[in-house]
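J.: This is the feature table in TrEMBL:
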ACT_SITE  Cys116  active site, cysteine persulfide intermediate
BINDING   Phe259, Val260, Arg261, Gly262, Asp263, Arg264  Mo-bis(molybdopterin guanine dinucleotide) binding site
Amino acid sequence: MARSESRVRVVRVKAGERDARADVLAAEEPLEIRVNGRRLAVTMRTPTEDFSLAVGFLLSEGLIGAADEVHSVRYCGRDFGPGAEETDNTVDVVLRPGVQAPAPEMERQVLMSSACGLCGRTSIENVRTQSRFPVDGDPMQVTEAFVLQMPEVLRERQKVFDRTGGLHAAGLFNTATGELVTVREDVGRHNAVDKVLGWALLEGRLPLSGHALMVSGRASFELTQKAMMAGVSMLASVSAPSSLAVDLAREAGMTLAGFVRGDRFVIYAGEQRILPDSTGQLEAESAPETPAARR
């Protein structure tokens, strides 16, 4: 069984009948991220793609912006190699000489849960991070039909979710070709996004202009900022964004779409990048919808 999964004994109850059986759950374990040997953060994650997760986290924090700024990524005391991802829970990212390491006070002082990547920040001022890759000038455009098919395409690639029902996913789309370039799954939405963006950085694909990021669940401020830090100009989610996520998207010139389900979605920012289909027309402004009306 893959390390991303765990098999446990459960008892299912249905119509008064009990059935003992084995069930497969999504694994969750702590990962300590170090930079040049010094601890920076500890996060709860699904133990796959740890190197991409660590590098993506550093990208999201504004510490690196290119693959050539990373000298090596390894498990603590072990070089990267075959079988390495089957063991350790501590990853050390060694930066190239001349790349500024994080200040000691940047260390996250509390454990980051699967749901909260920003836990440990001391104030709202140090939440906002400046991106090296402005997105407001990205001329990328997609159709409404493109947006509507993103969740289904992403869902078809969620292999661990199929077996466990317990993981979030993030998928990176090339808007010129329509290709779903890569997918990552994790118990935490922010980890899934870091895994995608870390992969892109290590592959030398930054900035990710001309790409769109699709996430399961809601679009938080943190996920919006992570996309922005990699130069992604469009973020879409199957649920609602937060008010701060909308504020950031509008401020940065990003496109943000939520409630992407079935035949509808809501554009919260950057509507100029989503073209109406041949028969579609922008409707006059109406009263705000309730969440139930958007579903």
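Backbone N, Cα and C atoms are what each Cβ position is placed from, and that goes for glycine too.
Because the structure is a prediction, the values reported are computed rather than measured.
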J.: Under DSSP, is Gly262 (Mo-bis(molybdopterin guanine dinucleotide) binding site) part of a helix or a strand, or is it coil?
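T.: Where Gly262 (Mo-bis(molybdopterin guanine dinucleotide) binding site) sits, the three-state DSSP reduction gives coil.
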J.: Cβ-Cβ under 8 Å from Gly262 (Mo-bis(molybdopterin guanine dinucleotide) binding site), same chain, 6 or more residues apart: which ones?
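T.: When sequence neighbours closer than 6 are ignored, Gly262 (Mo-bis(molybdopterin guanine dinucleotide) binding site) has Leu148 within Cβ distance under 8 Å.
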J.: Just counting, how many other CB atoms are there within 10 A of the CB of Arg264 (Mo-bis(molybdopterin guanine dinucleotide) binding site)?
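T.: Arg264 (Mo-bis(molybdopterin guanine dinucleotide) binding site) is surrounded by 12 other Cβ atoms within 10 Å.
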J.: Determine the Cβ neighbour count for Arg261 (Mo-bis(molybdopterin guanine dinucleotide) binding site): the number of other Cβ atoms within 10 Å of its Cβ.
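T.: Here the count is 13.
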